[in-house]
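*Asks:* Dumping what TrEMBL says about this protein:
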| type | residues | note |
| --- | --- | --- |
| BINDING | A:Met45, A:Gly194 | substrate binding site |
| BINDING | A:Arg121, A:Ser167 | ATP binding site |
Amino acid sequence: MNKQQIVSALNKVREQKPLVVNITNFVVMNNTANALLAVGASPIMSHSKQEMTEMMSFAGALVINIGTLDSVWRPGMFFAVEQANENNKPVILDPVGCGATKLRTSTARQLAELADNLIIRGNASEIIAMAGEKSQNKGVDALDASEAALSAARSLVESYACSVVVSGKTDYIVTKERTIALSNGHEMMPYVTGMGCSLSAVTGAFAAVGETSGVAAAAIFAIAGEIAAENSQGPGSLQVNLLDSLYQLSADDIESRLKFREC
Amino acid sequence: MNKQQIVSALNKVREQKPLVVNITNFVVMNNTANALLAVGASPIMSHSKQEMTEMMSFAGALVINIGTLDSVWRPGMFFAVEQANENNKPVILDPVGCGATKLRTSTARQLAELADNLIIRGNASEIIAMAGEKSQNKGVDALDASEAALSAARSLVESYACSVVVSGKTDYIVTKERTIALSNGHEMMPYVTGMGCSLSAVTGAFAAVGETSGVAAAAIFAIAGEIAAENSQGPGSLQVNLLDSLYQLSADDIESRLKFREC
Amino acid sequence: MNKQQIVSALNKVREQKPLVVNITNFVVMNNTANALLAVGASPIMSHSKQEMTEMMSFAGALVINIGTLDSVWRPGMFFAVEQANENNKPVILDPVGCGATKLRTSTARQLAELADNLIIRGNASEIIAMAGEKSQNKGVDALDASEAALSAARSLVESYACSVVVSGKTDYIVTKERTIALSNGHEMMPYVTGMGCSLSAVTGAFAAVGETSGVAAAAIFAIAGEIAAENSQGPGSLQVNLLDSLYQLSADDIESRLKFREC
């Protein structure tokens, strides 16, 4: 994937305005919906089994985020993934807090197991926890954080035949074929809640128009965040400016700022 | 309703600070509460049957929004409408996603059937879907979108003895007596999630002080949005500026900008 | 507690980045998480019994906010307080809407009864309602609002062996040993939803690093709000600027602006 393909994927999202169904957490519903709108997509937040079969028949992608998981919403997540499979739609899984509790770790793994066309998007500790013993066995202590995360991501790619996006100072996008390192973004971004969740949602918009590697979404999101942060006095203005940047992002912004390399 | 009556209704909201009870969706709870505060009203978000009888005894209006509908919250919506009826309080119904799924379409109609003093606020496709066959029978294909929406709105006014506000590039407010076309607003507004939901909430504030046509709320919201958008770089700053505009809106803003006509 | 101790408590939060578990209302989940991040803490929003035992074993504090209370979430609040007690962690209770309905009043009192290490943070009417007959008996009619609130706060301190923070034009922080009056803040703050809820969350961050009186959190929040409001055109920009101010707040800001006195 080169710069021109990233620009072209963004143009596709803006033209096709894909519908992205989100079962997401209560904290980020508003800003992930706004991130999808700003990038040109159409968000629907829905979690009821009673309407998920209809929803997935006309949606372009499904985003599942376990950030405020409970036993009331959990069954709806599995049902939604089944409907996405039925309709051959991509599923983006954001395993928020994976590793922090058994409920989250096991739910994340079971959802990944179930999804036919999967992209996982998480931070290093979530990805490492989700991969579990497999990455541990390779000796986490001996590796730096990004090596451990990369190893875990590769293990997940193998286990679930998926793409994995690991967010961090450097983002890594790991597919069966290759690993991309992306060095855009800004150190203030982790001070805004739901930045990763917004990237997961936006990854759904790109997957819905056929960009299922996760690279284009990660690139445009990190570049928009970088531009936004340069004009921000703190995380409050960063959250606002990010939506403005996503909305205004130009081919020139992408071409002049993109820093990525194959590992 | 003339300019002076719109200004006077806004002054009433600011003086009386009516309490508006909202059973709304998870996506827009924060920004609709903020829109109500910015316009001078007092929001309460509540969905529990256990406290709805008390709530509706001292509230000025009830806003029901089905944007993240499920079977857990659905019974509470019907119970709340019954309590509003009991206390002779206006109900504002926002049929989010009506037409997209059977659950939403049927719930919207049943709630409308139940409410004694009703205002419906939706976009054209929701209003057309809610009116269903009746508007279809008049031949949607032969009409442009706004004619189809107007016809559907008139059908709803007849069916439910309510007012209907149809949001769009031009807003239409249809009552039993007349139809008002309102041409304020800005094309960037649909890029912020929950703009319509915020208007529905604000419509509740105006209904609580006796302005039950829906005209004044639609007018002040569209004008505030227009002012906000003129100073915005994108949907992030628009969301922020809208709250500032609602808070600052003056009689002069309304008088100099209002563009409405009877159809 | 003097200025230097407040600065030192803020530095501790920024260095230790305490994990604060929140069972809070749907309206303010996003902005309370952002307030915690901006002040340097790590928020987790969680309400499921299935993960609360694990959560409270590694969390620094628990914040319970009853703003959108229902019978589904209510048992999880009690279970979480039990887990906090088990782990000797402070509990911050925000009795949103206490007095408005029986459900809220009785739930607030029962939660307060259960918590071993408690700080209550509410506005005057919530604190007066929560104290109930005890403060009534002292003759509310004869007192001005802040005297009534102070009397109620003292009654709660006695009943529950807790600290009480009463937010208002002047904030009062009442502990067993003393009463502090804090005159920072800005009259525009009540026009943003969840300002009090954000202070409750931030109070959790300070309690997690050992500042369990509630004074330091109230002081830094009011000063940040004051700085933010001076640069705001309305409640939209105030919400944004508050996060920037919390993030940037310096020792000098605190030392030059703090207005507090012992009553």
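These residue numbers are counts, starting from 1, taken along the chain as shown.
Cβ atoms are placed via backbone N, Cα and C, with glycine included.
On a predicted model such as this, the values are computed, not experimentally measured, just so you know.
Show me how these features fit into the structure around them.
*Replies:* Secondary structure at A:Met45 (substrate binding site), taken from DSSP and collapsed to helix, strand or coil, is strand.
In sequence order, A:Ile92, A:Leu93, A:Asp94, A:Val164, A:Val165, A:Ser167, A:Gly196, A:Leu199, A:Ser200, A:Thr203, A:Gly214 are the residues near A:Arg121 (ATP binding site), counting only same-chain partners six or more apart with C-beta under 8 A.
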*Asks:* Go through the binding-site residues A:Met45, A:Arg121, A:Ser167, A:Gly194 one by one and keep only those whose Cβ is less than 8 Å from a Cβ of chain B; report them in sequence order, or 'none'.
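*Replies:* Out of A:Met45, A:Arg121, A:Ser167, A:Gly194, A:Met45 lie under 8 Å of chain B.
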*Asks:* Looking at the binding-site residues A:Met45, A:Arg121, A:Ser167, A:Gly194, which ones have a CB within reach of chain C, meaning under 8 Å Cβ to CB?
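*Replies:* Filtering A:Met45, A:Arg121, A:Ser167, A:Gly194 for a Cβ under 8 Å from chain C leaves A:Gly194.
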*Asks:* Note down the number of other Cβ atoms within 10 Å of the Cβ of A:Gly194 (substrate binding site), including every protein chain shown.
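*Replies:* That number is 28.
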*Asks:* Which residues, sitting 6 or more apart from A:Met45 (substrate binding site) on the same chain, put a CB under 8 Å from its CB?
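*Replies:* Expected: A:Asn22, A:Ile23, A:Thr24, A:Met29, A:Ala33.
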*Asks:* Starting from the Cβ of A:Ser167 (ATP binding site), draw a 10 Å sphere and report how many other Cβ atoms land inside it.
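*Replies:* Result for A:Ser167 (ATP binding site): 26 other Cβ atoms within 10 Å.
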*Asks:* What three-state class does DSSP give A:Gly194 (substrate binding site)?
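*Replies:* Going by the DSSP assignment, A:Gly194 (substrate binding site) belongs to neither helix nor strand, so it counts as coil.
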